[in-house]
């Protein structure tokens, strides 16, 4: 890769869509910048955080962080399809008329009305698919040794060699979910060699809905750091909601097509057919869904293994397929038609997210026969998808007590030959509804530490209701914590730099920098201001915990001034070694206290 | 131990101090009950949760959980000194006049006013101390083979054999912090063989204060599950605030005496003396403080080891002592006078909480030379305290990246010969101020899993300000999660029962039971009601996530009805084994899909 440089955006971005003064204030040192590769012309947006000068007069270089919010869009217009030239330049895809619009795609109420409740009015892209006989997946290119612009974008974004990107994708250990019909999306990679990613679930349901709200949640989730977003809508206007989301999504969009298929048959699982499902998948491929959860591992013979569980089957898709299998005395049609699915996905570069329909919904059911039987099948399906060069990740649980978490990822990694693992938490206890973002972040950190590539967030509303905008933010921030803590634990290159920058700001009482470097500057600043609201407190060399009279940080600064130099450190190390020896002598003798006569220099 | 029985409180307790309808509603199935030992007459309060009948008509036995909130008290009256007869019956203590009240104990403003801002008006207990020449610690009794009522209380509470309690206390692997001058407190035990405990910090500071607020926080913290409470007040009225707290505390109260000592010398660390400190310790021993944090491991020679840290010394007590050592060119007086401290503590049964004044305040500083040098000294001091039969726990960090957490507890346990470890989190990343209850709960679960006995909570306000009442609750619930997740991971006997009971309620759509069994029924219920507020939704066999048309739980119930019996499970296991074999053949051959012809019984 050639040299890269930072390009600054001419104007600071102004947190579009929000007018709250507090937010603008807390985020005012954040701006949009670009890391650019001057050979390829590819540029990757980053958030640049301007920092203040240290008390000793030394400047602090602006700090750049991974940015998921994209360039921002007017919801009714959508984002620029900036990847379109890359896709067209490959000359292996073609536009086509696509599947005909069917109002039932938006449910019965749309059929009744003759339209969805808020039709998409922006540009309606012409769908593309692979030219007959070709496969247009990033995995195929990677296996052929081709470096795509998507891979270059990812390498810039991850600050790694593009060959690492290519080889991990080729080996199936990482995926770049980038449907050719979602050219608005900024390429990102999911794999254990890269930064741990997080997904945010949004979507309406039968009892609550609004398209505008869901678009707002999408923008809100990516603003705070969601790397991908899943649209799990199950109510009215499913097709149109998704259109609005994809056209405005700078991140990959995932779905669970069986949800929409179920709506098309009026919620009767037994009435589902492969044909309805396939048609739904094609509909979604043409719209630009980047990855789809497919519960093809819920085999008929595994279903009875869940009978004596404490909570049976808790995956919605898993239960749908289990119900179907039992009603028809037939094997899961997602399993029997899996090769056809691979053929379809290969035409659009849609990635599989192999659903764990039999994941445990209670800690008592963790790591049981049903769960691991399904995992065996997911491993089999992973390899089948790879034969078609279709990208695959594998979904994981769920509810797992802390000591059993590690086994999940290690087993998955072994059986699925390193295919990215994508887990929901897991929650390490069942007893805290209302706080399951926390119970699950604990398990998520553990499972990511051992190699899980993407974490699906859990919000405080888990088990209780649908997340509102606040819950989405809480879920995203909580999962950024888990993902980052795992990056640190894995020793991911550079992961500690943000911690170190923030801690340095904290030590130097650069309050504004401490807020700005945090995952949620708005909350950090508002919490600070609850106790010490005045503006001078932002530059005060104390905080509300100890008050102005005494400050541990100040004493530490004094210590550093006195002992921080290399010379005094070396001298002290020598003395300390001697003293420890003396101290051990003292302990051995049980004698009177040893007072070292260190010349340490006094202070008033 | 003789047989125990459950005694019911005649009336349901009604969440004293709160009038909110929502809370009363959510907690109405909670009542106070007692586990009693009919030989000793000792009875331990528990919270009993009444449960509804299962859909299949089977009743669910009431579920009992560990209760920390005590019998409830009117703040201006305080709690009954119910342990007083136990203490007096031992005939090894005597009342005495005690130290004379000094208005400076409450700071300069009290001296100016001639009184604290809200003097304690309840009964002023006469202080007791050990009869000359005796040691009245639970450790001494335990070593002598004496089973005290405190040990019996603890055994009932932990549902374990009293000999386990006695032997762990005798060995120093557990402590029962119970100052003889705090007879209102309900005995509890801190040790890795027992349930993981949590501590909540409260206390005023120079910039914010009110005695009533602190008492309210105490009651609030214990209501939600705090096992001990530390009063970290650093502002006005320190003595009197503590009096109010201790007289109302059903749990052990911990302090950091150096904080008050510093106030007595107007915040000038250099002006501290052993005499002022000793006097403060005696003042607090007489009031009934159960354990005290003593930063005796901050040795002069360790101070320079912190000079090149990212955040230096972040412990307030650690910085005070480091500042003092440097200013005087002398060894830490807490270290040089440690034996005298042991003699004092032995007279009141105050436990040491050996402070980790050099704990890391940034992940970059974790597990460094300064931290581990101090730990060596804490190990030495542990053994010295044990020579006086004084109970000891050892404090731990702090900020530690996830992969370095385990080493902390294993090293402490080895060096300190199993003395209970008591850690602050640790926080596994520095980048989330505003969410440090979460960053630290992740580390807390990991460190407790490997043997930490008590976790000091961290609230969302950590690093930013002082916790308000909401923050106290959030901190407590978050730490109950960490402690319980660790209990589960350790396989602590019975720990999983609450998870299983809640999961069963969830599976059976017993919404009210699901709320009642959760750590925070009020929040769980209110979150549920945000989406489905109507009362019928509490008995609905669906939830807002899937809506009424389709429900995974319902399908699971059908599966159980069909396959749940022992006979069908055995038959299915056999068939599954056969099918797996066939499936493997299929895979090996790469042939067409195998459709098992299982006779599974149809459903419309």
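Heads up, the Cβ atoms here are built off N, Cα and C, so glycines get one too.
Automatic prediction, not curation, is the source of TrEMBL annotations.
Site annotation (TrEMBL, ligand substrate) includes A:201, A:230, A:259, A:295, A:315, A:316, A:317, A:356, A:357, A:358, A:359, A:422; from A:387, A:395, A:446, the additional listed residue is A:395. Range with TrEMBL annotation region 'Disordered', chosen from A:1-30, A:31-60, is A:1-30. Those binding-site residues from the list A:259, A:315, A:357 that have a Cβ under 8 Å from chain B Cβ atoms: A:315. DSSP classifies residue A:201 (substrate binding site) as strand under the three-state reduction.
Ranking the binding-site residues A:317, A:357 by C-beta neighbours within 10 Å puts A:357 at the top. Sorting each residue of the domain 'ThiC-associated' (A:33-94) by its DSSP state yields 6 helix, 18 strand, 38 coil. For residue A:422 (substrate binding site), the same-chain residues 6+ apart in sequence whose C-beta sits under 8 angstroms from its C-beta are A:190, A:199, A:353, A:393, A:394, A:395, A:396, A:452, A:453, A:454, A:455, A:456.
DSSP gives residue A:357 (substrate binding site) a coil state; it is part of no helix or strand.
The substrate site in the record is lined by A:201, A:230, A:259, A:295, A:315, A:316, A:317, A:356, A:357, A:358, A:359, A:395, A:422, and its two most distant CA atoms lie 20 Å apart. The number of other Cβ atoms within 10 Å of the Cβ belonging to residue A:201 (substrate binding site), over all protein chains shown, comes to 24.
Along the domain 'ThiC-associated' (A:33-94), the predicted structure has mean pLDDT 96.
With a cut-off of 8 Å between CB atoms and residues at least 6 apart in sequence, the same chain places A:295, A:355, A:356, A:357, A:358, A:359, A:361 near residue A:315 (substrate binding site), listed in sequence order. Under a cutoff of 8 A between CB atoms, and with a sequence separation of 6+ in the same chain, the neighbours of residue A:259 (substrate binding site) are A:232, A:233, A:234, A:238, A:316, A:317.
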